Every structure is written in structure tokens, then in C-alpha cells.
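Q: First the structure, which I've put down as C-alpha cells, then a few questions once you've had a look.
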Amino acid sequence: MLLKGAPVAERVLNKIKQEISNSSTRPGLAVVLIGNDPASEVYVGMKVKKATDLGMVSKAHRLSSDATLTDILKLIDRLNNDPMIHGILVQIPLPKHLDANAVIQAISPEKDVDGLHPINMGKLLLGQLGGFAPCTPAGIIELLHYYEIPLHGRHVAVVGRSNIVGKPLAAMLMQKHPSTNATVTLLHSQSENLTEILKTADIIIAAVGVPLFIKETMISSHAIVVDVGTSRVAANNDKGYTLVGDVDFNNVVAKCKAVSPVPGGVGPMTVAMLMKNTWESYKKSSS
């Protein structure tokens, strides 16, 4: 079975669009882009367009690659204090001279729709309500729920320990809630006995950032595999590259119980959860 993200994202987004159409005012999403990284330009354009399509007011705020931390903090402060803005997203990665943590911490937790502010991360770890969850982990759990894949008591192996995916996803999966409550093993590319552990997992989340890292020899035939990675690999086509995930899809798909494709799996879910967080922020500010 293929775990395609498009129908799941469509269900989430249609609900948001309907609710926005019944609202007297529109939520606002500000997307901050520093520099001119081509991939980041594509992602920013996609997020702004999706928000606009849903009926939100969305704008990209662009700063040059030599922008100082002071420049960025001034912009964020202005957006924090703008009552028409309900969500602020700073596109990562940032130019190397900038402190990403300082930028993220400058965003008001109430407008941190990426869910990366330490306060929102802390609420997530403590199991407290009211914060925003990071979009990709939230999207993964939504994807699994849509396909009626149970998590309660299951062994989930998360390969990757980033602050954006691996760590928050592990915390979300372990929450004492009937819809999660999984037994989680958090791994990385240098973990000892990696294959031995993965073969015991009911669900494998690959978020290690290494193309084709998870091979069919590393999983069991009953495994459900979610591929978070996206990498460009040289190919003999018009683009000169092809997109692949962290999973060796062509071989894994023949062995596992279910797998998410790249592209078309987790990607649409990340954007959908960003829109959901922005809408939730708007509703909180209006209540």
C-alpha cells in the first residue's frame, strides 16, 4: 500500500477553506525568506500560494543574504506586533552567518506556526495543550491516522534526531493519548545494531537526510515505512536530477506492508499542517 499524502492534505485543507469562507475576517501568514536559495524560493512561493488559495492573506518578506541578525529581528518584531498577522514562518536553512536559534526564539510563541519556538517545543515534551506542533511530525501522525494505522502500543523506530522532525516526532508518538501512546526508539545513522532494531519495528520513520539509506534488508515484511527525506540525485533527464527519499523505495515497496512515496507522501502533509496551525492561531486570537 502507498501512503499518499495528497488525499489526506486535501481533506485537511478543504475543511480549513470552508471555515475561512464562513469567517468575517481572514487569517494572515507572513513568510520570511533570507537570501536567494532556489529551493527555498520554491518552498516559500508554494506556501504563500496555498495560503492565498485557502482565503488567507499571505505575503513573503524577503531580505538579502547579507542581512544582519538585527535586520531580521526588527522585521520579526514588527510582524509580532501586527494584529493582522497570525502566523510567522522563517524559511530554513538560513545563511551560515546567522544564528537560527536566535531568529526562531524571536518569534512570538503564539505566532510560531512552524512549532519550533522553545516554549512550543517544551509544551510538546511536557504533553501540555495550547502550543503548536512542528508541521512535519504533525503531518506524519495525520497521515498514519488517515490510513487507519494504529500507534497505541506499537514499536515505532524514528531514524533521525533533528529538532525539526526526529525529536519532536518521538515526543508526539509517546504522548499518553489513545491515538498515539507508541513505544518509540530514536535512532540515527551511526546507531549500533541499527538493522537489528529496525527489523523489530512495526513502523519506521526515515528522517536521516541520507538518500536511499533504508534498504529492504533492514526491515521486516510487516513494516510500515514513512519516508521524510527529500534529496536531489543526479539523473539523465531534462532537469539533470531526480528526487529521492531516505528509503530505497523501489526495493522496499516490494517487501514492506506500506510505504510513503517521495515525492507525494509526507511533503503535502507538511504544508497542510502549516495552514492548520495558522488557522488555529487565528481562532485563538479571535476568541
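Just so you know, glycine gets a Cβ as well, placed from its N, Cα and C.
Okay, these came from Swiss-Prot:
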BINDING   G160, R161, S162, S189, T230  NADP(+) binding site
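Situate these features within the shown structure.
A: Cβ-based neighbour count (10 Å, all protein chains) for T230 (NADP(+) binding site) stands at 17.
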Q: Judged by the number of other CB atoms within 10 angstroms, which among S162, S189 is the least packed of the binding-site residues?
A: S189
Q: Of G160, R161, the binding-site residues given in the record, which has the fewest other CB atoms within 10 A of its CB?
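A: Selected from the binding-site residues G160, R161 on minimum Cβ neighbours within 10 Å: R161.
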Q: What is the biggest Cα to Cα gap, in Å, among G160, R161, S162, S189, T230, the residues listed as binding NADP(+)?
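A: Maximum Cα-Cα distance: 16 Å.
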